[in-house]
Amino acid sequence: MIDLAPLARRLAGTPLADWANGLQAQLDTKMAKGHGDLQRWQSALDALPDLQPERIDLLDSFTLQAECNGETRTVLRKALLGLSPWRKGPFNVFGVHIDTEWRSDWKWSRVSPHLDLKGKRVLDVGCGNGYYQWRMLGAGADSVIGVDPNWLFFCQFQAMQRYLPDLPAWHLPFALEDLPANLEGFDTVFSMGVLYHRKSPIDHLLALKDCLVKGGELVMETLVVPGDVHQVLVPEDRYAQMRNVWFLPSVPALELWMRRAGFTDVRCVDVSHTTIEEQRSTEWMRFQSLSDYLDPADHSKTVEGLPAPMRAVIVGRKP
């Protein structure tokens, strides 16, 4: 059982206290419904060897170090491979390098210089396996809660938390819609790689704003296209082989959406093209990846003939 009592204690006396006190029952209900692969993933978690990190780096990477013999490292590697595919990372865990599909550390190096997370209560929406949550703690956040309904990501987070049990990071297997309206308790809210999956992007922005305290900051990272304030791409069917992609705005259009949703001080801090070095298949994620989704003759286009993935980071403040 996942014990959320430390989370409730952490949030006592904050605007999130009432919500936190009800989370254990909400999580237990969700866990009772389960998932067909949960037992297999739990077996992988149970196989993780008992190790105590002697050195922890979350600021410049995710690295845990300790004395670890070859036999123990082999057991560790096998257990972690049992939680494949690994999408976000990389993680270096006692000498086992989890070479994830995404070089999420590259994205973090583009995002983090523009933020001040020291002492902040942070919510990461669509947090994946929690890689960024650990890096947010490394950047000085007071506490980080991630929500993502994917059970494998939940288990991957538990694997890392096994070795960092006292750090104030929690992964809840919930969707944003499972959170109560008007939480208004987080200093910083992240939504990275989520907006284009939403049929109603404005509603998503409004829901994110509801989670923020007054003066809180939204960090929005999403796929964008070139163009002016009127340019928005709606794929006819798939985009880069993904069916669930709805709206890809230009940067000026996204900035307008955020202002219409009530954010102020809206500004774009980064735009970058996703490369096949940043997103690729590895031993830890053996399925298709970006190179399979691009036009083999022209990497500026997807296989559908649409503009290749370009991602922007926009920040804004709740007045």
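Quick reminder: no glycine exception, Cβ is built from N, Cα and C everywhere.
Annotation note: Met192 (carboxy-S-adenosyl-L-methionine binding site) sits in a strand segment as assigned by DSSP. Cβ environment of Met192 (carboxy-S-adenosyl-L-methionine binding site): Lys107, Val111, Asp124, Gly126, Tyr132, Val219, Met220, Glu221, Thr222 lie under 8 Å away, each six or more residues apart in the same chain. According to Swiss-Prot, the feature carboxy-S-adenosyl-L-methionine binding site maps to Lys88, Trp102, Lys107, Gly126, Leu176, Glu177, Met192, Tyr196, Arg311, an assignment based on sequence analysis.
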Around Lys107 (carboxy-S-adenosyl-L-methionine binding site), how many other C-beta atoms are within 10 angstroms of its C-beta?
-> 23
Local backbone state of Lys88 (carboxy-S-adenosyl-L-methionine binding site), from DSSP in three classes = coil
Across Lys88, Arg311, listed as binding-site residues, the smallest other-CB tally within 10 A is for Arg311
Looking only at Cβ atoms, how many others are within 10 Å of the one on Leu176 (carboxy-S-adenosyl-L-methionine binding site)?
-> 20
